[in-house]
Structure formats: structure tokens, C-alpha cells
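Enquirer: Submitted below is the structure of interest, expressed as C-alpha cells.
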């Protein structure tokens, strides 16, 4: 075996990962080399990247254009049995158990696929704080997958690489599939599986890059809260005075838009931790949606798409131009790029002090929630566990009716511990830092229109500059929320949602309907004492 060194780091031995007769190891290659490798003329199928007019390479991830949660499994053993939030008949989630025998079969499949090949190895970090980060090693035979990992994880210095020992290994065998899946009781021939005792992730059958990124996020979500460190699916930014704000929200709530603020530096856009030193990014890059992207609407993301960025599943015309509006393959078109492709970021390390503002974003299509309300610690836990948003979905008769979404901790798909653990740790961190929490509705009200981005930005500004603390408040029944009666630069007539209806009884009827949905959803968290104690902090029906 030869090791092509692109650093001064020591030679690495892959036999300890079960790999044999490896022809060559290309470790932490430069972006220049990755560009040459992923665009080679002799590559075929999903391995080959196409150069676009913006300079970024575009790849096709095949039939998987998103994560495959039905194919996600975790080895149930002495390490995981007690703490893992396992799926059950009562509460379904993505943490499905497999035994060691099935794991061994899948590991043999992947190691056989990768053995005897020329391999790319990317060593990097998940977590900007050296005390709590995971040292990640990703092994793949596909150049663009190595590129994706180099973009998304934190890139080590040459000195760090010289003594690098992985805490967690990801072996990506995208080209192999499992023909024994039925007899093993699995969902399909494709798999994304984790063994926390061996600290290894195996991938087979899916080429989607996000399986590697979100796989490690799920692991951080397991290890950190057990050390009383918050692990969060959120964006974070920092003001000129060093004040830190974190934004939770599901897709479509404005998380990216509102945390990208010319007055504030970005810490990160998706995954963060909060420990004794403050808030820190898990990642060294961004993984942004590109559907309907335009330079005018989102200049930061558009300008980040240049050489070293990696596009997934976008339509590239024969002249190299990109049709960002084309969602025919998937609406989940993406681009990964290193964080430094964004100008206004926290440097040199993506971390800040303790957060003093925590913002839950919800796009309420029911027209019930106020545009902003300040939460008590118990309400903070309740709404964090609820993770509510709603969308307007057209029916066959052209009527639009709201569809609610509840996602625990605004990221249920990535949780590996019971959701109440994340709420408990978050509020503990907030109380120690004196942080305040706010529920911000970026959705609709009784006028039938969406709350304007100008009003929402005014609300966010009032939260961040503290002026909301000086506002007089009033009580909103059913949901038991305290709302300000006026804020600078915000239309006062929208702050009490009842005032946006011709008849306040309309609001009350809708509020009771939504409250019932909240109550029914929260019932699944009352299987422990912490969850039961929070019921009183949610909406109440007589």
C-alpha cells in the first residue's frame, strides 16, 4: 500500500478498520487535486462530476436525493441499550435496532467493497471546541464524496494531522448493496448503520452526501448531552458586542434568512453545541438548499457557489450554466461549500460566548400564534419539544388548509436520546447564561396574509437589541403567552393575533383547534416525569 501524502502527517494504517490490500491511500487531498480527480474523463455514472460556469463541480447522487431514514439502524448492545431513544410501537422514530450479527455482515460487505481499491481518506473534526469535538475519519473510493466531507467538517492543521487519531470512522461503500436485507428484517438493500461500541458508521447503496454529515450530527446528539453539553439543530450569529443568538426552526420558517444579518457575523447555519465556554459550530462548511436560488434574493449563498463548492442534483445545461429553478429531479437540490466562502463569519474559529437570546421560529399557517412572545423556562422546554410549524397545502378543490408539523427539538430526525434530555440541557445552559427565549411566528394571521419580512426583522431586532424587554405586555389566552403591545418598527396591530380577525371568536375557534393538536402531539413525551411536568406549560383547554 502506498500513501499519497498531502500533508506532513504520518502514514496511516487502514487494516485496523478491516481494510486490506489497499492499493493507495490519498489522505486529505488538496481542493485542486479533488477537482482533478472528480472530473476525470474516465469516470462514469455517479462518480463523475461536471464543471459548471460558476466554477463549482456538480454531481448526481442517483435515486437518493435526500437521507433515507427508513434505512437507518443502530446496533443495540450494552453501550446503547439504556440511553438510546429507541423506536417503539407507541412512538415511532428513526432509531431502529439491529444486532451484532447483522452489523458484522454489513461491515464485511463494506470492507470488501473498499479493500483492494485506491481510497480517499479525509480526517477532520466535528465540533469547533477542541475539548468536546469528535475526530472523524471518512473512508471512500469516490473523490467527490471526499470533497463533500472536506467541505463540511472542520479541516485540521498539518500539525493536528500528524498526531490525528479518529474517535469515529465513517466507511462509505455507496457502490455496494445488501442482498440479505429481507432475511435480516431490514427495510431494503440500502443501509446507513451505526455501532457506538466500535464507533463506526457504514453506508451502502446510497450516494447522498448528507448521510455522512447528518450521521455525525446524530452521534454528537448522543455523546454531548450525556456530558450536559447542549447539541442543537440551529443557526447562530454574533453581534458587534460579542452577543450570541441562536435560531431554531424547521424548513420554511426563515432560519437561514433571519440569521443571515449584515449587522451580525455568522457562527454557523445548521449544527451547534453549547458548553461551558459558549456556543460553537460543529461544522467547517454549509450545506444550503439551491432550489429557485437567485443572486438577487440570496447573494451570500449564490456568491459562495464557486470553485471548491460542490453542487448536488442541480440541472446543468450543456454550456455549463445552471437552472436553479428546475426541481424535476428533486426539490432538495443542494450545495456544500467551506464556511469561508461566506464573507461575514466569525473568525478564525466558528464559536462565540454564551447565547443570551434563543429564538424559536414557527411559520404558523393556522393564524393563531402571536408574531412574538417571551417564554418562561417551562414554556421554553414545552415549545422546544413541540418543534411546531405549519404549511399551507392546496387541496383538490383549490382550498388552502394548514398542515401542522411537529418535530421534537426542531430536529427529530437526528435525535438519539429522549427529547426531554435536549430540553433539559438547553434550559440549564440558558439559565446559567441568563438567556431569554422567544417564540417568533413568521407565518400567517387573521388577515390571511403572511407576516411581512419587515415586521419579522423588526421583531428580531427588538429581541437582539433588548428593546423588547422594555415593552408593556398582555396575556394571550389558551396558549398562555405574554406578548408585547408595541415594538419599534413593527406594526402594532399585528402583535395580538386576535386583532387581525374581523371577529375575535374566529381566532378562538382556530386557537382551540391548534391547542388540541399541540396537546395530542405532546402526549408522547409524558412517558417520563420531566415530560409530565411540562404539560401545564403548554396550551390549556377548559
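Here the Cβ of each residue, glycine as well, is placed from N, Cα and C on the backbone.
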Enquirer: Would you identify which residue of 208, 340 Swiss-Prot lists as part of the substrate site it also attributes to 67, 214, 334?
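Expert: Of the residues offered, the record points to 208.
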Enquirer: Taking 147, 233 as the options, which does Swiss-Prot list with 214, 270 at the Mn(2+) site?
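Expert: The record-listed residue among the candidates is 233.
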Enquirer: Under a three-state reading of DSSP, tell me whether residue 257 (ATP binding site) is helix, strand or coil.
Expert: helix
Enquirer: Cβ distance under 8 Å to residue 208 (substrate binding site), same chain, sequence separation 6 or more: which residues?
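Expert: Non-local contacts for residue 208 (substrate binding site): 61, 64, 65, 66, 67, 68, 312.
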Enquirer: Distance between residue 255 (ATP binding site) and residue 270 (Mn(2+) binding site) at the Cα atoms, whole Å?
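Expert: One finds 9 Å between the Cα atoms of these residues.
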Enquirer: Tell me the Cβ contacts of residue 249 (ATP binding site) under 8 Å, same chain only and six or more apart in sequence, or just say none.
Expert: 234, 255, 360, 361, 362, 389, 410, 442
Enquirer: Beyond the listed site residues 214, 233, 270, identify every same-chain residue whose Cβ lies within 8 Å of the center of their Cβ atoms for the Mn(2+) site.
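Expert: Output for this site, in sequence order: 213, 217, 271, 411, 414.
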Enquirer: Between the binding-site residues 214, 257, 334, 451, which lies closest to residue 270 (Mn(2+) binding site), Cα to Cα?
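Expert: Checking each of 214, 257, 334, 451 against residue 270 (Mn(2+) binding site), the shortest Cα distance is to 214.
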Enquirer: When the Cα of residue 451 (ATP binding site) is compared with the Cα of each of the binding-site residues 214, 233, 334, which one is closest?
Expert: 233
